[in-house]
Each structure stands twice: as C-alpha cells, then as structure tokens.
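Remarks on the structure that follows.
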Amino acid sequence: MFSDEISTTAILKDSTIFKPDDSATSHFTTTDVTNMDNYTTMWTSSVYNVTGADLNTLELEKFRDKYIPAVVYLAILCVVGSIGNAHAFLVYLYRYKTSNHKMFVVWLAAVDFVACSCSIPFEIMDARHSYTFTSISACKVFRFLNHFVTLCSGILLGVIAVERYRKACVPMGRQLTAKEAKYSCFITVIVSFVLSIPALIFYGPTSKPVDNFPELIGSDCTVSKLYKKTYFKMYSSFLLLLCTTVFVVCVVTYTFIGRVLYRQMKFRRASQTSSPKQRLNSLSSCRGGTISSDGGVTTTLKRDDNSVHVHEDESSYGQHNRKSLARSVSTVSAFKMSAKKMKIFDRSKQITLMFLVATAISYAGYLPHLVLVIIQGVSPASYDSIAASIGALSSILIRGYFLSNVTNPLVYCFLDDRFRRECRKMYCQLKHCFDPNRRFH
C-alpha cells in the first residue's frame, strides 16, 4: 500500500493462525532441516495470501457498513473547508488593513486550511484501510498533524476570546497591538507543535484482531500497545485538561462580553426612542445653535460642508423655557465624531459576535468527540454499547472536531458584510483580468 510498508507477515506471524499445528507437520519426520524450513516458508506464504484476501474483503465490508456516512461527511468538510479557508486567508491578507482582527483570522484560516486539505483526507484513508494500514511514516506524520491543527485552532480561539474580552470589558486598559497579536499567534503555533510531538512516538501501525474474526489479525494506525496504558494515558489526560481549560476560559469571557453587549444594545435602543429634547440635551457640549426670531430653536449642522437646518418649535417645550434652550451645538465635530464612534462600535461588536459564534460552533463539534473519548478511556464496554446503539453516527461524532476547521469562513461570510463585499470585488477583478475583450477597450 505504501513505500515503507512493514511486512504484514511479520506483524501476523506471532498469531496462532500462522503457527502450524502438530497434526499438520507430524508426517514430515525427516532429518533434512532445509526441507522443513522450505515447507514452513511455503506454508506461511500460502496462508498470508489467503489471509490478505480475507482482510481486504472484511475491511471493505466494514467500510461499507460503518464508515460510508462518515466519509461522505468528511468529504463535504474537506471541499467546503478548503475553499472557504482559502478565501478567508487571501481576502483578509490582501484586502484588510493591519489589525488584531486581521492577524487572528489569517492565522486561523491557515491552520484550518491545513486541517481541511491534509488531515481530513488522511482520516478518509484511515477509515478505508482499517485492517491493512502498514505505513509507519504516514501514520506518525498524519497523527501528529491532526493533533497540531486541533490544538492550534483551539488555543487560537482561546487567545481571541481573551483579546475580545479586554476590548469589550476593559476598554480603558492596555490593549493588544497588531504586532503583539501576531506574536501571540506565532507562540500558539510553536506551543501546539511542541505539544503534538509525543504523537510521533505514541502512534504507529498496530496489530489488532478483526471484528467477529479474532483468529485474523490486521494492522491499524493507532496508539502502540507499548504506550497505551502508560505514557499515552498521561498525555491524553494533559490534553484533556488543556482543552477543558481553554473551553472554560472561552465560556467565561464570552459570558462577560455578552453581558456588556446586551447593556450597550439596551442603551442604544433607549437613546433611539428618546424625545427630541433629550437628544438635543445630549449635545450640550456642542456649539453653534441660535434662537430663531419666531421663538423656536434653530440648529445649524454642517456635514461635509452642507448646512442642514433643524427647527424645533417652542410649543414643544413651553415659552418659559425658551432661554434655557439656547444651547450650543457643534457645527462640525460633534456629529462627525459621534457617527465615527458609532461606526467603530458597530464594527467592534460585529467582530466580537463573529468570533463568539465561531467559537460556539467549534466547541459544539468538539464536545461530542470529547465525551466519546472519555467514555472510551474509562469504560470501553460502555463505548462499544453506545457505538452499537447509534450505529454509523458514532464514526461521525468521534470526528466532530473537524467541524471547527470548516465553519469559521462560513461564519465570516454570514456575519461580516465587508468580507462578502471583498469577495465580490476579488471575483470582479479576476473576471476583468481574464476578460478576452479587455484588450480592445
């Protein structure tokens, strides 16, 4: 199957099925040891050929019965995720100005693209070769890559949650600069790389009995039996603790962020339904208003050098308050600054909401995987019972963590209107570049 295959005969020869019994060899009572060795070699070769054919048949049957839904699910994720993350990476890299938001999305899109274009195809290949996976290097490298992209994506979401918390809940405190955001992403990649190195040691082609045929021994890319009950348990427990910590951090920070956003939205809604007098009083720091000859209040506002006259009749407030309404209203700065601040607030709220939804969907896909892994480690019998009861759905849920690598660009598309505009601009420019009639204009 692969260039650096380990011999399937070598893996299986310790099994009882590859050891000739006494009845099969009792009539070969000869002093010619060479002839006996030749016979044993021929016997093992013939059994290997039969067993290899049986393994391939049983493997294909298992793939059809158990893994077809999971492979369809993974294939859809692979295509959608690769295309979506490529768009997110290119658009944010070349069409957005330098900011924390841009840095986080670019790094996250790069990691997710690797997951969709490399890790998911490997999972499909592993599902297809559940009994005949014998490549040492492919097994180790791709298991390492799976751990790396999963850890990196999860930790990045945690870093983003902390950064959005400081912007929303501690606006007057020290904020992360774009350069520091870039460094934090780089450190996250390094930490994830280091934490994934043990996967290169623990994983490899490992012999296992075939389902319902314990006399047949196959080979699967999984944890080596040498480490399964010792170091790998410690490693898995550490990763579980790390992922749980990041999850709790995300939940707590976005809970506080949600409260702040709710209060801000409530305040804006109240200000939009306030009376004209209240809105006028809110501009008390401005100047430029005058009292008209008819006793009303006439305010002159300038926006882009165009004068707009707003007249408030005195009857709205009473004649005795006429003088108190002679308040200064700014002609330029007040409304421009107010509009600018409101635009910044809306954009910041949109970005925060976008990352909140992306994080929620990511952990919605990761939690079923986490629960099944814990059950499998604590009680394998219970896991087998659950897997049997839910059927092919178990093979999908156990790979649910790939959902986070695919949904991020979809969230950007639905919640970031600028991302949609930039994608349209990009395709319009490409269409213009490849237009055959362009050279004639």
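Positions of Cβ are set from backbone N, Cα and C atoms, glycine also.
A quick note: this is a predicted structure, and the numbers were derived from the prediction, not measured.
Copied over from TrEMBL, here are the features:
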| type | residues | note |
| --- | --- | --- |
| TRANSMEM | 70-92 | transmembrane segment |
| DOMAIN | 84-412 | domain 'G-protein coupled receptors family 1 profile' |
| TRANSMEM | 104-124 | transmembrane segment |
| TRANSMEM | 144-162 | transmembrane segment |
| TRANSMEM | 183-203 | transmembrane segment |
| TRANSMEM | 238-262 | transmembrane segment |
| REGION | 276-299 | region 'Disordered' |
| TRANSMEM | 351-375 | transmembrane segment |
| TRANSMEM | 387-415 | transmembrane segment |
Same-chain residues at least 6 beyond the ends of the transmembrane segment (144-162) whose Cβ lies under 8 Å from its Cβ atoms: 104, 107-108, 111-112, 114-115, 118-119, 122-123, 184-185, 188-189, 191-193, 195-197, 199-200, 203, 239, 242-243, 246, 249-250, 253-254, 355, 358-359, 362, 366, 401, 404-405
Local confidence of the prediction over the domain 'G-protein coupled receptors family 1 profile' (84-412), expressed as mean pLDDT: 79
Same-chain residues at least 6 beyond the ends of the transmembrane segment (387-415) whose Cβ lies under 8 Å from its Cβ atoms: 66-70, 73-74, 77, 80-81, 84-85, 87-88, 105, 108-109, 111-112, 115-116, 119-120, 123, 127, 149-150, 153-154, 157, 350, 353-354, 357-358, 361-369, 372-373, 423
Cβ contacts under 8 Å made by the transmembrane segment (351-375) with residues that lie 6+ beyond its boundaries: 101, 104, 153-154, 157, 160-161, 164, 167-168, 236, 240, 243, 247, 250, 254, 257-258, 261, 382-383, 386, 394, 397-404, 407-408, 411-412, 415-416
